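Everything below concerns the one structure shown next.
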Amino acid sequence: MIPLPNGPPAQIPPIQHKFGKESPVERYKRQKRLAAIKNSFKHSWNGYKKNAWLQDEVRPLSGGYKNGFGGWGATLVDTLDTLWIMGMKKEFETAVGALEYLDFTTSPSPTISVFETTIRYVGGLLSAYDLSGEKYPILLAKAIELGDMLYASFDTKNSMPVVGSWKWLKAAKGELQHAPSNALSADIGSLSLEFTRLTQLSGDPKYYDAIQRIMNAFEQSQNTTRLPGMWPVSLNAHDLDFTNDRQFTLGAMADSLYEYFPKVRLLQYLLLNGRDKQTRNMYEKSMAVAKEHLFYRPLNPGNLDLLISGSVRQIGAGYDRKNEGQHLTCFVGGMVALGAKIFNTPEDILTAQRLTDGCVWAYQQTPSGMMPEIFEAIPCTDDEDCKWSEERWYKGLIMAVHRVLDTSTRSLKEQAQKIIDKGRLPLGFAKVVDSRYYLRPEAIESVFYMYRITGDKTWQDKAWQMFKAIDSHAKTDIAYAVVQDVRDEQSQLTDTMESFWTGETLKYFYLIFSEPDLVNLDSWVLNTEAHPLRRPQD
């Protein structure tokens, strides 16, 4: 059993900006925006309560419900801390009371995701317990109940959990389990915050022991992958082989693995002694590789100094970068800003700003004011030579689509215009791969961190424009829904509202306009589902 470390605390520099007194005009504008965001949350929450109480998600168009996350009321649990943060104590207590009806020792679903259950449910319960001053014991009791169920997924030969679709009944019956030979790196590598906090609050070391074994395995393999310093999208957890996959990204299926390195240090810093260099080394090595291979400056009509995080595939002795922008990678700016403060690398604040502005720009370029799920841009070959011209855009478009430049039959403009018209491309985009806005939080998450860390109020204005766009396009009579095509000024909607809309997205919007001491970054660390966990204090 690996115990929680003890010894002299590591020193963490202050993270949050020291905000001064605001003027009456500033306060009025901020509070007006705050009220609008809270009203959007109330609309969403009431739609869930009326149509999908104790179910995972509400269907925001039809008024039905669906269960895809264990059937334990994902939206309810994921939203507990948002209710507390927004001062809705009566609603909070009603939701806490409903936990009595949720049995985390069993599930109506034959398979569950260990990762999603950990970040949404365990994180949500622990956060609500921390935020409410530990006054509602059922929150910790239910977190332990669920933690014990999930702990059974680690009952494998090498103690690596059965992630993906875990057949929990096999574990309940004591049947032999095997760690998967094809596991997503985010699924297996993003359990540390929740399990560490569960050990801290329960006093049971088994949860920390379970995830520290995973962390050690990732540390030992970091320099052995096909892109040394980073881990591939998928890995063989059964054999602890990290060398099969050639795909590397900070986006889908890998994202929160990297996000948790600086955050784990925050949560554990009073407990860490000799091991405090582990997460720093893993973070710094991986970010050095990301800066070299993944980050690129996109050509854009405003000649803005932006960065976007793409993805890389190892081919032969080299690497081929896909110049994409995933909404899921938009958390990277916030992560880099947080890392800059935690690890005292102030030069990285500019990198964080450029990454965050890259996502804000992607919002601003579409007719709807929302960023698509996945798009591609034109990379500048030289970071210093990135001046916009339509000719450069045209050439980049043609190369992105056809991989070859041929003007023998049609002019450059004619070829490019055909691509633009067919793809309905916003200015500066090379391709829209997935046109949806999924109510995701990652972009506003980074805007939140940039505002709280720098104190620059222009981030509030950027956030407000983002919120207005979402509010005007995604709202339904019941709640809010996924926008099918951000290229349309009036897009069709999809009958889906995942729990992260009320658990994350609206929470980040709210915290940008709240009093800055609410969830102060020097006292709290937020998990990948935006659940604030209390940092141990001296």
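Each residue, glycine too, has its Cβ placed from N, Cα and C.
TrEMBL tags one of the stretches 1-21, 22-42, 106-126, 274-294 as region 'Disordered', and that stretch is 1-21. The sparsest Cβ neighbourhood within 10 Å, among the listed active-site residues (Glu116, Glu373, Glu442), is found at Glu116. Proximity note: of the listed recorded positions (Glu116, Glu442, Thr528), Glu442 have a CA within 10 Å of the CA of Cys359 (disulfide bond), given in sequence order.
Neighbour density for Cys359 (disulfide bond): within 10 A of its CB lie 30 other CB atoms from the protein chains shown. Taking Cα separation as the measure, Cys330 (disulfide bond) is nearest to Glu442 of the active-site residues Asp255, Glu373, Glu442. When the recorded positions Asp255, Glu373, Glu442, Thr528 are compared by Cα distance to Glu116 (active site, proton donor), the shortest distance belongs to Thr528. Sequence-distant neighbours of Asp255 (active site) (same chain, six or more apart, CB under 8 Å from its CB) are Ala186, Thr249, Leu328, Thr329, Phe331, Thr528, listed in sequence order.
Using a 10 Å radius centred on the Cβ of Cys330 (disulfide bond) and all shown protein chains, the other Cβ atoms total 30.
Straight-line distance linking the Cα atoms of Glu373 (active site, proton donor) and Glu442 (active site), rounded to a whole number, equals 11 Å.
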